[in-house]
Amino acid sequence: MKIPFFDRNKMLLKKYSKIVEKIKRREERFSKMSNQELINVALEFRKISDPQNHIEDIFAMVRVAAKRTLGMYPFDVQLIGALVLNDGKIAEMKTGEGKTLVATMPLFFNALFGKGVHLVTVNDYLARRDALWMGPLYLFLGMRVGVINQLGKSYEVVWKNQELYEKAISDNLSIWPEDYKNEFLKESAKDRKAVEAFEVELIEITRKEAYVCDITYGTNNEFGFDYLRDNLVFQFDDKVQRGHFYAIVDEVDSILIDEARTPLIISGPSREGASVYRRFASIAKKMSKDIDFTVDEKSRTIILTDKGIEKSEKLLQVDNLYDPSNVSSVYHLLNALKALHLFKKDVDYVVMNQEVVIVDEFTGRLLPGRRYSGGLHQAIEAKEGVPVKEESVTYATITFQNYFKMYEKLAGMTGTAKTEEEEFKQLYDLEVVVIPTHKPMIRKDHDDLIYRTQAEKYTAVVNDVVERYKKGQPVLIGTTSIEKSELLSTMLKKAGIPHQVLNAKYHEKEAEIIAQAGQKGAVTIATNMAGRGTDIKLGEGVADLGGLCIIGTERHESRRIDNQLRGRSGRQGDPGESRFYLSLEDDLLRIFGADQLEKVMNVLKIKPGEPIEHPLLTKLVETVQKRVEGINFSIRKHLMEMDTVLDVQRNSIYSYRDWILSGKVSQYIDEAIEDFVERRIEEFCDGSEWNLEGLKNSLSVLPKDVVSIDSQKFDSEGQMKDFLIRSIKDAYERKRQEIGDEYDQFLKFLILRIIDDNWRQYLEEVDHVKEAVNLRVYGQRDPMIEFKKETFALFDEMIARINEIVVSWMLRVVKVDSKKAEQEAKSGLSNLQLVHEEFNIVNRSERRKLHKNEKIKKRFKVKR
């Protein structure tokens, strides 16, 4: 409940400001120490049992050490940001306010607990850059720093020249000269000897060693995939992560919100043939938009009409399209139609070297190796006429929401979080604290200019750029797709304006290009937020020209993404300006609000090429964005609710695996035998009438000599149960003695393989259930409750199936080769790949169409 006139942000800032004053008072003591004394104190702090009682001293020490080793002195507002992160909250700090430095204090503090801490960022480049940049500070204070990158590459930060470093310690060198009094240390004023002595580099190490380091830098994807891979291993020692204690998520809005609809998936090839996808691609082309189906761009779904259903049945030669036996046909048809009408070349993906490569919708980067799951990627390949690769089968999956919820303490930092504070609170229980800027923000944010057509809009953008280029003012133009960035580039070339294009096709140089975007006369086109995390410093004389000008060519679905673009200008009190150029043909306005604006333009008799501009119109656009944000929030919440159900089951399966990996095979076998027997007693011996024939048939999965109930008499269910359990356990013990020591080792690999195969099959079934339960909303049933009931029933079936297979197979083993068993168990993991999933929620219209088919069975059953 919000209390009127109560500003919690102000209250928190006041609280943290008091702690900052204490830190500053403690700092004097540390600033008088020599380098060696400071190092010794840091070592002493590692021995204390509760660092929380020494937080002011620890932060003061890190502040002094940063000045000496990095030539950077954290401001008071940066100390506030560090305290916010240390309390497990989100610090909103504007671009250029030094978030990288802010993170060092809470990272060092929490690393003192000895459990390992993680700094999570959005790409490999930033992980390496920030670890190297802050590395001298951590190494000076006795911390090991690791970096994890894609393709299994891992590094440790080490001193470049150990001898020079040791001399710098004994000679008490500092990068920041004692007589330098300004708050920023200029490059020219740094002590060159100290700079050279405190240089670091990366050396390659194993993945496991990177996690053993006190502080580990890496991307959200790599941390998540390492967790999933750890739960596919066949030896406990092959696990690389050592737990989830404390993490700071850099660009937290990008990772926990923008990418929250994108589950991490480890998948492998399926048996579905390429010809199936080509067939459905051909059928999709015979279907007419708005007659056979409608396209809902808001929820990215295709809805078949009654005519479309009839036409599909004729084309597929089936009586009832929605009969359960035709589920896969519906699945393929909808995917083929989505590929044709919802996924656009050079916007959602590009075709390179006969391959479909996904474009990240938030950063504009290419994602080679990533594939849409559920057959969608293959449908796009069939549409584009490139070789169709096998459909992927899910081996392991987790959403970022549930991965990051595993951390005992989670914090985040970004320049834009306030607009999403409700979502952070509801989904992650994370509070947003807005940190004041070190210097006042003086950037001018102009009202939007709205044109009738995109052609008029782009012409106006080019004219604006030409005028600013003539006077030397740098311009950064933000676009929403590769296609649009290349269109603008062509127009600027015709106008004779030299410029740089920064998008998915050139991302290797993006940090270098974006860093130069503030130089005099620079014109840069950037796809969305490519180059995020890199500061744009103004060149000489640029401040007098008005600073960096940001031009947005389209409003994003989220106000936050627009604010990120604006935030590239006006860093640390620099001048700057921003403006968005829009048109009624832009996706956001076309889908959600063009009609109202069209009426306004007609009333005002706006001529072709003329824009309308008014603060009320800018607010109207923001209102449209709020509506879209609400829709997207609901989708993310729905995804999280579904994955939370899965999370309980995933934890249960992974706990089973860990139990078996740690050598508890015989204990697991005991449990499996008991479960195997109890289920049969419940089914065949419940009550006064026993179905002994049914029981005998169900026991036929065991070798004949294991158990016989023909000559036995039982007075109760308990007696029967005890007899069966004892008989099977005796057979297990005989088999152990017969085969010897290798038997349990062999069983370990066998059990893990059985668990993994069934879990993989279960995840595939859950994908179908997600679609199926949504059909039931018209039976006055809540899809979420139905999803829980359905998945719990399937999960219980899976556990029963696992135990039955284990119990029956373990007693049929004749000869054992545990090494061969391990190789066989691991063989399926060699072709695994990382998948970017397009998460689909069937909307009401589609469910209504499906519900018309009377032949749909009440229970959605997946063939096994």
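The backbone N, Cα and C atoms fix where each Cβ goes, and this holds for glycine too.
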Among ASP464, ASP535, ASP544, the candidate listed by Swiss-Prot alongside GLN78, GLY96, GLU97, GLY98, LYS99, THR100 for ATP is ASP535
Neighbouring CB atoms within 10 angstroms of the CB of GLY98 (ATP binding site), all protein chains considered, total 17
Here the binding-site residues are GLU97, ASP535; the one whose Cβ sees the most other Cβ atoms within 10 Å is GLU97
Same-chain residues at least 6 positions away from LYS99 (ATP binding site) with a Cβ under 8 Å from its Cβ, in sequence order, are GLY81, ALA91, MET93, ASP250, MET413, THR414
Same-chain shell around ATP excluding GLN78, GLY96, GLU97, GLY98, LYS99, THR100, ASP535, C-beta within 8 angstroms of the CB centroid, reads MET93, THR95, LEU101, VAL102
By a three-class reduction of DSSP, LYS99 (ATP binding site) is assigned helix
In chain order, residues whose C-beta lies under 8 angstroms from the C-beta of GLY96 (ATP binding site), counting only those at least six residues away in the same chain, are ASP535, ARG571, GLN572, ASP574
For GLN78 (ATP binding site), the number of neighbouring Cβ atoms whose distance to its own Cβ is within 10 Å equals 26
